[in-house]
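S.K.: Just passing along the structure, written as C-alpha cells.
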Amino acid sequence: MSNRKIFVQDVTLRDGMHAVRHRISPTDVKRIVTALDAAGVDAIEVAHGDGLAGGSLNYGPGSNTDWEWIEAAAEVLEHARLTTLLLPGVGTISELKHAYDLGVRSVRVATHCTEADVSAQHIETAREIGMDVSGFLMMSHMAPAEELAKQAKLMESYGAHCVYVTDSGGRLVMNDVADRVRAYRDILDEGTEIGIHAHENLSLSVANSVVAVQNGVTRVDASLAGHGAGAGNCPLEAFIAVANIEEWEHGCDLFALQDAADDIVRPLQDRPVRVDRETLTLGYAGVYSSFLRHAEAASERYGIDVRTLLLEAGRRRLVGGQEDMIVDIALTLAAQATKEAV
C-alpha cells in the first residue's frame, strides 16, 4: 500500500464551525491556519459551517462574516491552498467570485446526494475563473452506490476535478464506502479524482477514510482533533498516523498536528467533540451531523430526549437545510406525550 499520494484537505475551519456554533474569532482562525500550514496540509477550508452565506436564523448566525474569516486565513497562509464550500441556493455566484478575489483558489460545491444537477452553474463558473473544483455529494448513505456514481458523473460533466463520497451523517460502514468509491471509479474518467469526507458518529471515520484510499481515493478530508459536526470529522492526526504506518505519501508533520489539535483546537470547544449517546444516535439514525446542536437546543426547550428527536429525524429522512424541522418534531412529540398523560 506504499507510494499512494494523499491530498490532505483540512476542514477544521468549516465543518468545525458547527462544533462551536459558527463562533470563532479571526485571531483564532489565524492561529489554526498558521499551525496547519506549518504542519504541511495541502488545503485549508474556511467558511461558515454551511458554506458561504450560510449564516442565518435557520442554520445559525456566525460570530463573523465569511469574508472576515477568509481574510484572516489569507493573511497568514503561505503554502496550503485556501478552500471554501458553497451550497447552491445558499451561496451565490457573486459570493463565489468574491471569495476568489480574497484569495480562495479551490471550492467544493455541495448538494444533496441526488441533486447534483443544481451544481452545474456554480461548478462551471468556478472552472471559468480558474479554481480547483470538487463536487460534494452530501448524505451519501441515502443513495445506492450506482445512483450516487451517476450523480458524481454529472458533477464531472459540469467540470469538477474531483467528486466526494460525503458521509454527512456518519452512517456509512467500510463496505458502503468501498462500494461507492468503486462505483465512482468505474464511471468517472481516469483523470477525475475521488475524495472522502467522513464523520466519526459510528467511530469509523479513520477506518472509512483508510478503506477509501485503499480503493482509489486521493483526497481525504480531516480536521484537527476531529473538530466538526456531530462526533466530528476524521481526526487529522490519527489519520496521518495510519498514513505513516501504511507508508502513504503526504506532506504532514504528525507531531505538529497533534500539538495543534490539543493546544489550540480542543480548548475552543464548548461541547466535547466525541462519540457519546447523542452523536452515536446521529450515525445510527443516519441524520445530518449538523443537526446535533439544533436537536440539543430543542430537547432542552421542549423536554424531549435528544435521541428520540434524532431517531424521528432519521425516520423522516430529513436532509441538510431542514434544521427547522427539529422544532416541528419536538412540538409533535411533546403534544403526543401530553395527550398520553391525560
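Here the Cβ of each residue, glycine as well, is placed from N, Cα and C on the backbone.
So Swiss-Prot says this about it:
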DOMAIN    6-258  domain 'Pyruvate carboxyltransferase'
BINDING   R14, D15, S168, H197, Y288  substrate binding site
SITE      R14  site 'Transition state stabilizer'
BINDING   D15, H197, H199  Mn(2+) binding site
ACT_SITE  H18  active site, proton acceptor
S.K.: Other than R14, D15, S168, H197, Y288, which residues of the chain come within 8 Å of the substrate site, judged by Cβ distance to the Cβ centroid of those residues?
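M.R.: Going along the sequence, the neighbours come out as V11, H18, G49, M138, T166, H199, G228, A229, N233, S289, S290.
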S.K.: Out of R14, D15, H18, S168, Y288, point to the one nearest H199 (Mn(2+) binding site) in space (Cα versus Cα); all of them are recorded positions in the record.
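M.R.: Smallest Cα separation from H199 (Mn(2+) binding site) among R14, D15, H18, S168, Y288: S168.
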S.K.: Using a 10 angstroms cut-off on Cβ to Cβ distances, just flag whichever of R14, H18, H197, H199 is the loneliest among these recorded positions.
M.R.: H18
S.K.: By a simple count, how many Cβ atoms lie within 10 Å of the Cβ of Y288 (substrate binding site), its own Cβ left out?
M.R.: 27
S.K.: Check H197 (substrate binding site) against DSSP and tell me helix, strand or coil, would you?
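M.R.: It is in a strand.
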S.K.: For the recorded Mn(2+) site formed by D15, H197, H199, which further same-chain residues have Cβ atoms within 8 Å of the site's Cβ center?
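M.R.: Sorted by sequence, the hits are V11, T166, D167, S168, G170, A198, S205, D221, S223, G228, A229, N233, C234, S289.
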S.K.: Could you check what DSSP calls Y288 (substrate binding site) once collapsed to helix, strand or coil?
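M.R.: Assignment for Y288 (substrate binding site) reads coil.
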S.K.: Summarise the model confidence on the domain 'Pyruvate carboxyltransferase' (6-258) as a single mean pLDDT, whole number.
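M.R.: Per the prediction, mean pLDDT sits at 98 for the domain 'Pyruvate carboxyltransferase' (6-258).
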S.K.: Given that the record lists R14, D15, S168, H197, Y288 as binding substrate, what is the largest C-alpha to C-alpha distance among them, in Å?
M.R.: 15
S.K.: I need the CA-to-CA distance for S168 (substrate binding site) versus the residue listed as 'active site, proton acceptor', whole Å please.
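M.R.: With the alpha carbons as reference points, the distance is 12 Å.
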